Amino acid sequence: MSFSVDVLANIAIELQRGIGHQDRFQRLITTLRQVLECDASALLRYDSRQFIPLAIDGLAKDVLGRRFALEGHPRLEAIARAGDVVRFPADSELPDPYDGLIPGQESLKVHACVGLPLFAGQNLIGALTLDGMQPDQFDVFSDEELRLIAALAAGALSNALLIEQLESQNMLPGDAAPFEAVKQTQMIGLSPGMTQLKKEIEIVAASDLNVLISGETGTGKELVAKAIHEASPRAVNPLVYLNCAALPESVAESELFGHVKGAFTGAISNRSGKFEMADNGTLFLDEIGELSLALQAKLLRVLQYGDIQRVGDDRSLRVDVRVLAATNRDLREEVLAGRFRADLFHRLSVFPLSVPPLRERGDDVILLAGYFCEQCRLRLGLSRVVLSAGARNLLQHYNFPGNVRELEHAIHRAVVLARATRSGDEVILEAQHFAFPEVTLPPPEVAAVPVVKQNLREATEAFQRETIRQALAQNHHNWAACARMLETDVANLHRLAKRLGLKD
């Protein structure tokens, strides 16, 4: 089999049709999977010795949340080192990173695997992976044909990274040095709420504004603060953390502003406070709503005038600090109740950000679960940790009052329990491994079965034919979208459609 010009042109056209990078990446992967008739395909971005999934087709949804460190995945490390097409033999002893992650075939091992490293010049920027369940599935394609595919994918990814970099630099004030955009490695999630939050982070990071980050406990406010700092011109300087809720009143002022020798009992030497440590960098004040009114007044002065006084010292020190504050309280209500200063609130909330709770993030829960599964796999030295369909269904319908932190702990506990119930280094998480309160799952939909005067095979084919027709009509005859709607493999759908007479 060889690629025609029409096939390559179709791939290029699909890339141009996409609206935004994510849509283009998904169109690329879906089209490639259809053309190559493989069981699974993925586009990965390379960053800091790990591969980060950008788009997948034919793989479990939680793969998008996983981070594949090279030291834990020898096949991916081989792809990163190769510099050219890598074909893994069916009997390769190197474990496939997607074993157990192809829906409907969790118990089967991937047989055929091809890796295509993607380069921008001499720099590795990503990889394409193609997987199939048949050992000789990709033998019909020459290395030269696969290199053409890799070149198209590398061009799309390289352009996306360049645009991302240029957009970031355009938001810089004046002649500030270029900086990196918000790293997708940290901010996991594709829900509308998280997409909007990432955009807002990218916007405010380029400025020097104070930011108030609000959100329920466990939503990841500290992660947002890190993302802002790392995407800002101050990223070369320290990000200093202080949990205001853990500060005893007797030492709070010293922690913030420092003290001089002899300022109080136990002050045996001069000591810098958090503001001095964060000079020219960023200070993250977590749980800002827990500060006393007296300390709030002193904090306000620093924000207004940019100088501090160590405890026991009459001299003022100039500091250049950007303040990021976080709270799980409604500070407007705290102001009305007299527990928080209105002037400080307005100083801090120049650019407010709200982190959505996990229950409002849709399928992000599955992506995050995949991320934590991969963390557990590496930490415990397991060959794989995968979620069963029942576990995924449970996670999607649980309310998670403790948000992402609760999910993380639940995954870690479930892995330990599942590992104890089976031998070997492979763990499959089932619903019973999660100790959630009773969760009401929606009843399965049962379709009405019409009375037909056909044998079983004819009735089955008639049902399949009509189902595919309806799905195609609803998806404007887009086969990839139709396959996603029917939750089946697009290559298998094409083969079935041909057998049913729906395609030539």
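Using N, Cα and C of the backbone, Cβ positions are placed for all residues, glycine too.
From the options 319-338, 379-398, 479-498, the stretch Swiss-Prot describes as DNA-binding region is 479-498.
There are 20 other CB atoms within 10 A of the CB of Gly218 (ATP binding site), with all protein chains counted.
For the DNA-binding region (479-498), the predicted model reports an average pLDDT of 80. In sequence order, Gln26, Ile29, Thr30, Arg33, Ala40, Ser41, Ala42, Ala480, Val490 are the residues near Asp57 (4-aspartylphosphate), counting only same-chain partners six or more apart with C-beta under 8 A.
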